Amino acid sequence: MAAALQTLGGGIGITLHWIAFTPTIEQQATEEQKKKWLKLAQDVAIVGAYAQTEMGHGTFVRGLETTATYDPSTQEFVINSPTLTSTKWWPGGLGKTANHATVMAQLYTRGKCYGPHNFMVQIRSLENHQPCPGVTLGDIGPKMESNGNDNGFARFDHVRIPRENMLMKFARVEADGTYVQPPSSKLAYSNMVYLRGTFVMSAAQALASATTIAVRYSCVRRQSEMKPGEPEPQILEYQTQQYKLFPQLAAAYAFWFASWFMTQQHGSITGSMEKGDMSGLAELHALSAGLKSYTTAVTARGIDVCRMACGGHGYSHASGLPALFGGAAALCTAEGENTVMMLQTARYLVKCFAQSQAGKRLTGTVAYLSAVQPSPVAGNRNMSDLGTLVAAFQHRAARMVRHAAMQMQGEMQKGKAREDAWNSCSVLLIKAAEAHVHSFVVRNFAETVQTVEVDESVRAVLTSLCQLYSLYGITEHAGDFLKDGYLTGRDIDAASSHLSAMLARVRPDAVALVDAFDLHDKILRSVLGRYDGRVYEHLYEWAKKSPLNKSEVHESYYKYLQPFLKSNRAKL
Ligand SMILES: CCCCCCCC/C=C\CCCCCCCCC/C=C/C(=O)SCCNC(=O)CCNC(=O)[C@H](O)C(C)(C)COP(=O)(O)OP(=O)(O)OC[C@H]1O[C@@H](n2cnc3c(N)ncnc32)[C@H](O)[C@@H]1OP(=O)(O)O
Ligand SMILES: Cc1cc2nc3c(=O)[nH]c(=O)nc-3n(C[C@H](O)[C@H](O)[C@H](O)COP(=O)(O)OP(=O)(O)OC[C@H]3O[C@@H](n4cnc5c(N)ncnc54)[C@H](O)[C@@H]3O)c2cc1C
């Protein structure tokens, strides 16, 4: 799916139909409702949008203003946008493409508000595509990227829908207006958890694409002299170029492996939830929110590193890198803004820390929080050993979680309300949550490479890449590891020299490692990243297709430049 979207240049009007509307029916509709809508959606007999965000609220879902008020006399819900800021704003495909939408609205029944719930609303006629009565629709205008997608707005003026259009797999409203509670109020958000998981895969795909482009181009591009009189080397021979690109390449692999874990975890926890066991929901939410935030942020930064590593040609759309950057930037904001998502992970970690302090043995992705010793024993560590590197990341994360949680406790003991203490510690909390996710990605990478069975040499290359990823993380965040003396200055120096060795070790396999992503030219859409390496010929062909080259003398010359030059010359 991610590859298909990339081929389509970051999405079209129907993208959200596939990635959000149809999965929402799958996850939140009853069996009866699925019979009615799922096949229509799967066969694209209807086209849907996921309409949650409003002009005034995106992050704070509980603050949404759209209302769905139950009228028992007709057994209908009345969908209404009471204010300008309640206008649905941003949903992909909502502007011009969709004829249905799942609309998130505050549910009112018997005079009481029960919070945000999902409703199926027809927004355009199936006959002539005109907006349905009471619905005002439009496109929100050009964006940084993804302009093939008509992100739209919608206002509802007391639009009536049948009671059965509330997606009722979890919560229900009976015909007489009685509200039946879901097993967990957060199940209305289950589709967001799913989508955040898919964003981890999208981030991996985007970073894999950028590194494929930059590594291939760095083998075609030759510049400067390494040794006087010798031919210009491929720019990938420069250690600084390797230092820019190989950590991004390693991160792309790490994120693929993390996304596999996420998919498997999502399947197993939602499977248990189907059987009524909600115990895994909190961890699933914390992991998907944190991974979505971490991987998309690193990817956006990494794509820009790849762009700069391609010099001037990287700045051209011919490279494909600006489009990838725009796509990754969208992933940072959509489906839960990254800071807000990382704070959700921090919230879970603080709770887990408190449980661990109270003597509970933690399990799953946070088990290490109870296992790590607060007082480290310093010593000369073997910085080329993967086990040592994983332990260092876990120690760093555990220390930072403890520090943030204790700081918060301290603020509260000084009399601050919990919410104020949270806000004044939120920078520490974010950093702690990032360290936790980073440590998870490192551990998962290390565990995954150990399972490679096909070929000893493949395992060896992936192990080097994993070491490179870990060592880069340690040298980039050296202060965090040095702070309590867990690593010494000598350990950091050793990490730096191992990192240099890893750059040299990965170099001969770099092209094979990007080719292994198996990204076809049609998906990459990059002149610089072509599989055949014929960059310069195609750069020239690409430029010739610029709309400005359609005529030899552009019309703007006759309209503006010629009279301007003429008048300037006349003044001489
Ligand atoms: C996509 C494929 C692209 C492929 C690309 C490949 C290459 C790239 C190239 C080009 C690509 C360009 C593509 C661009 C495509 C973009 C597609 C965009 C699609 C976007 C869709 C959307 O954005 S839909 C709208 C999404 N909106 C959000 O996510 C809103 C975020 N806000 C929230 O989720 C909540 O409001 C928030 C969690 C912030 C707070 O909720 P609240 O109810 O207030 O809860 P709170 O009081 O804080 O906590 C209470 C309690 O509940 C727990 N909790 C919260 N959420 C959940 C949950 N989801 N599940 C479980 N539990 C949850 C929370 O932790 C608390 O627990 P306790 O601590 O009390 O125990
Ligand atoms: C390309 C794209 C596609 C989208 N597609 C859809 C779609 O299909 N359907 C849909 O419903 N929506 C869609 N959205 C909307 C998207 O989900 C929201 O924009 C996103 O959830 C962020 O919410 P916001 O815009 O309200 O940001 P805001 O919350 O206003 O964020 C602004 C700043 O405030 C900060 N902030 C906010 N709350 C807190 C807090 N509690 N603590 C600390 N800092 C905070 C943020 O960190 C950020 O720095 C899309 C958005 C984009 C960009």
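Cβ coordinates are placed from backbone N, Cα and C, and glycine is handled just like the others.
Same-chain neighbours of the domain 'Acyl-coenzyme A oxidase N-terminal' (7-46): 1, 91-93, 95-102, 118, 120, 126, 145-150, 164, 167-170, 187-188, 190-191, 194-195, 198, 323, 326-327, 330, 522-523, 525, counting only residues six or more beyond its ends whose CB sits under 8 Å from a CB of the stretch. Taken from TrEMBL, the feature domain 'Acyl-coenzyme A oxidase N-terminal' covers 7-46.
Around Gly92 (FAD binding site), the same-chain residues at least 6 positions away in sequence with a Cβ under 8 Å from its Cβ are Gly11, Gly13, Thr15, Leu16, Ala20, Ala49, Tyr50, Asn149, Asp150, Asn151, Gly152. The FAD binding site annotation in TrEMBL covers Thr53, Gly92.
Annotation comment: TrEMBL describes 189-350 as domain 'Acyl-CoA oxidase C-alpha1'.
According to TrEMBL, the active site, proton acceptor annotation covers Glu335. Non-local contacts of Glu335 (active site, proton acceptor) by the CB criterion (under 8 A, 6+ apart in sequence, same chain) comprise Met192, Leu195, Arg196, Phe199, Lys292. Classification of Glu335 (active site, proton acceptor) by DSSP places it in coil, neither helical nor stranded.
For 386-566, the entry in TrEMBL reads domain 'Acyl-CoA oxidase C-terminal'.
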Around Thr53 (FAD binding site), which residues of its chain at least 6 apart sit with Cβ under 8 Å of its Cβ?
Lys88, Trp89, Trp90, Pro91
Using DSSP, what's the helix, strand and coil tally for the domain 'Acyl-coenzyme A oxidase N-terminal' (7-46)?
27 helix, 0 strand, 13 coil
